[in-house]
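Asker: Quick paste of what Swiss-Prot says about this protein:
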TRANSMEM  31-51  transmembrane segment
BINDING   GLU137, GLY139, THR140, SER145, GLU163, SER193  S-adenosyl-L-methionine binding site
Amino acid sequence: MGTPWRKRKGIAGPGLPDLSCALVLQPRAQVGTMSPAIALAFLPLVVTLLVRYRHYFRLLVRTVLLRSLRDCLSGLRIEERAFSYVLTHALPGDPGHILTTLDHWSSRCEYLSHMGPVKGQILMRLVEEKAPACVLELGTYCGYSTLLIARALPPGGRLLTVERDPRTAAVAEKLIRLAGFDEHMVELIVGSSEDVIPCLRTQYQLSRADLVLLAHRPRCYLRDLQLLEAHALLPAGATVLADHVLFPGAPRFLQYAKSCGRYRCRLHHTGLPDFPAIKDGIAQLTYAGPG
């Protein structure tokens with residue numbers, strides 16, 4: 001194409017020619033482009049970041065991009081797809097086989113963001129050691145950690161588990177009952193932990209929690225721990241376990257537990273299921289009393 005042009009109005013004046021038909025050339029707008037040299041200068045940095053954080057990129061792809069695509073295509077959430085797999089591959093009434101089936105599905109099919117077998121062994125061992133009469137779990141999710149706790153409870157033990165999302169809670173309820181645990185042993189409460197904790201004593205006859213598992217949103221851990229303290233639900237010697245304290249992390253919760261003087265703290269270092277290079281951990285707190 002030619003250079004853009006337009007007519008210029010005539011210039012009147014004595015001794016000047018008529019320029020009414022003169023053409024005025026207008027330069028074409030320049031499009032800003034990055035110099036190839038600058039782009040090449042950034043290439044080593046980009047490659048370094050991709051290599052260093054490749055595990056996080058893989059996790060992002062599996063937990064966000066692929067999961068969202070499958071949600072749209074199937075019309076089901078990942079927890080619902082996982083339960084459908086369990087129904088066709090696991091043995092009803094066998095919680096151990098159900099847990100193994102979930103692990104297999106998460107590693108071979110779709111990443112479930114569950115506790116996984118390594119953390120699961122830590123959780124079961126601590127429940128067996130403490131032999132709590134009553135356990136409170138905040139964050140049921142699909143019911144994986146719920147089954148771990150229920151398997152390790154002493155005879156007559158009771159587990160209350162709280163899940164804020166009704167649709168996720170419906171899946172967890174079916175999984176718990178499929179494993180063979182009735183409502184007298186494992187009771188699932190649908191609601192936010194912030195609303196449920198103040199009602200535990202009056203509505204659910206929970207006067208004390210010998211062991212608490214925090215497995216919901218790490219940013220809510222500190223708030224919920226202080227709510228448990230405020231409502232006197234933690235007896236002296238109670239154990240509080242908190243998952244995901246390193247990834248995505250709960251720094252304010254850990255700082256409070258270490259500095260308030262009411263807890264003895266220990267950290268069990270682990271990795272994420274299927275992503276062992278991404279470091280995480282379970283915090284174990286032992287409550288000394290109100291002080």
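Note that Cβ sites are derived from N, Cα and C of the backbone, with glycine treated the same way.
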Asker: Among THR140, SER145, SER193, the binding-site residues in question, whose Cβ has the most other Cβ atoms within 10 Å in this structure?
Answerer: THR140
Asker: Inside 8 A of the center formed by the CB atoms of GLU137, GLY139, THR140, SER145, GLU163, SER193, which other residues of the chain have their CB, for the recorded S-adenosyl-L-methionine site?
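Answerer: Those within range, site residues removed, are LEU138, TYR141, THR146, THR161, VAL162, LEU213, ALA215, HIS216.
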Asker: Per DSSP, GLY139 (S-adenosyl-L-methionine binding site) is which: helix, strand or coil?
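Answerer: Note: GLY139 (S-adenosyl-L-methionine binding site) is coil by DSSP, not helix or strand.
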Asker: When a 10 Å sphere is centred on the Cβ of GLU137 (S-adenosyl-L-methionine binding site), how many other Cβ atoms does it contain?
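Answerer: Excluding its own Cβ, GLU137 (S-adenosyl-L-methionine binding site) sees 28 Cβ atoms within 10 Å.
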Asker: Quick one: largest C-alpha distance among GLU137, GLY139, THR140, SER145, GLU163, SER193, binding S-adenosyl-L-methionine per the record, in angstrom?
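Answerer: Binding-site diameter by Cα atoms for S-adenosyl-L-methionine: 17 Å.
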Asker: Including all protein chains displayed, how many Cβ atoms other than that of GLU163 (S-adenosyl-L-methionine binding site) lie within 10 Å of its Cβ?
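Answerer: 28, counting other Cβ atoms within 10 Å of GLU163 (S-adenosyl-L-methionine binding site).
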